[in-house]
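Colleague: Structure incoming, see below.
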Amino acid sequence: MSPKTETKASVGFKAGVKDYRLTYYTPEYQTKDTDILAAFRVTPQPGVPAEEAGAAVAAESSTGTWTTVWTDGLTSLDRYKGRCYDIEPVPGEENQFIAYVAYPLDLFEEGSVTNLFTSIVGNVFGFKALRALRLEDLRIPPAYSKTFQGPPHGIQVERDKLNKYGRPLLGCTIKPKLGLSAKNYGRAVYECLRGGLDFTKDDENVNSQPFMRWRDRFVFCAEAINKAQAETGEIKGHYLNATAGTCEEMMKRAVFARELGVPIVMHDYLTGGFTANTSLAHYCRDNGLLLHIHRAMHAVIDRQRNHGMHFRVLAKALRMSGGDHVHAGTVVGKLEGERDVTLGFVDLLRDDFIEKDRSRGVYFTQDWVSMPGVLPVASGGIHVWHMPALTEIFGDDSVLQFGGGTLGHPWGNAPGAAANRVALEACVQARNEGRDLAREGNEVIREACKWSPELAAACEIWKEIKFEFDVIDRL
């Protein structure tokens, strides 16, 4: 039987407008194991009290609206409303605080990131009483996460498929990202894979343009993969971007990739959308395809410190929606990413259980139970001199992706790939021997240069290249 609830129909209805905090600010509330918890960074308009702003966020992202309505009496708000249960000031900020909101599980459709985000980060972000609003973190309870398939395969299954263990995987984004014909594109793929890389990759905006239609690209890349595998004896792959203008077209491309026998496809999960991504992830699990995820458009959402949504939330959403790889920044390259913050959401992608750790931006303890993990991909402005730091920061369960750092080699694509493979193997061996890569990394690379002319040439060409700018999004 459903629980007995008191409704307004039985106690009378009083029209009018009242403060949100009278209903939605509940500091005495004890959160439940089944609640979805959210941490919002709230910047209210001048004159709006913290409690009212926090309650407004809880109301407008759950059951509330701007005035009392008669139909409130037909249900139990106490059962379904979001609750602002705690508020804490942000150190160093005069008019900013973290509002903690608890949402009952019944507010959300099972297995739908789309519905989850429509509620929690929907209209409330345009609310006039707030100057800015940012979702910093979500706690997804096992009762909800178990309604999702999650990644198609996960880290261990991918390693077993590739028969590659004990080191990061190596990749390369084919450049120039736009303009190559399909045959020349396939040639670049072959050279990189033959030179020693595990994967090559379509760039995020390579779909099906007049200069290179998707079917032609898929065919030439499959030929390149097969040829490189035959010559090297290693399993190879190319991230064939299945992203398209419709879900039907996306699935058609994924089906063709499977028919070609390639091991992995790719999707732009933010521009493509969570519904499309989840559909593709289900297809990939059912048909043995790995799924690489690009995060194109993420910085529009997550780069500003005061408004939007932190990438750790997008990372959790991706793990639920489904993907075996996702781009996660580099810390040392050309793209935004502070070390502690990056490692915080990298753990949220890979590990089963992550403790609350505010020093790394993790607001809630997260238990993924048995959901497979996602490999973080470090990509963007990295080269051989970064290899020791990348190996030390990301560890074995990662993909290190060098686009310009492979194709920009003065001797060509295959030597560029060889240079990266030698640098990686040298760093892994040094680490396994107990050497400190953070302190001795450059020495490790120089030693490897003595027996690898390809690496020596790469080290010479990129010895002065650095991307040293202040990080915008700090803790």
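Any Cβ shown, glycine's included, is placed from N, Cα and C.
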Colleague: Looking at Swiss-Prot, Asn123, Thr173, Lys177, His327, Ser379 are annotated for substrate. Which of Arg213, Arg295, Arg303 sits in that same site?
Modeller: Arg295
Colleague: Within 10 Å of Arg295 (substrate binding site) (Cα-Cα), which of the recorded positions Lys175, Asp203, Glu204?
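Modeller: Checking each Cα against Arg295 (substrate binding site), the hits are Glu204.
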Colleague: Just to verify: the residue among Asn123, Thr173, Ser379 with the fewest other Cβ atoms within 10 Å, which of the binding-site residues is it?
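Modeller: Across Asn123, Thr173, Ser379, these binding-site residues, the one with fewest Cβ atoms within 10 Å is Asn123.
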Colleague: Helix, strand or coil by DSSP: which one applies to Lys175 (active site, proton acceptor)?
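Modeller: Its secondary structure by DSSP: coil.
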Colleague: Give the distance between the Cα atoms of Asn123 (substrate binding site) and Lys175 (active site, proton acceptor), rounded to the nearest whole Å.
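Modeller: Roughly 39 Å, rounded to the nearest whole number.
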Colleague: Out of Lys175, Lys201, Asp203, Glu204, His294, give those recorded positions positioned within 10 angstroms of His327 (substrate binding site), comparing C-alpha atoms, in sequence order.
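Modeller: Qualifying among Lys175, Lys201, Asp203, Glu204, His294: His294.
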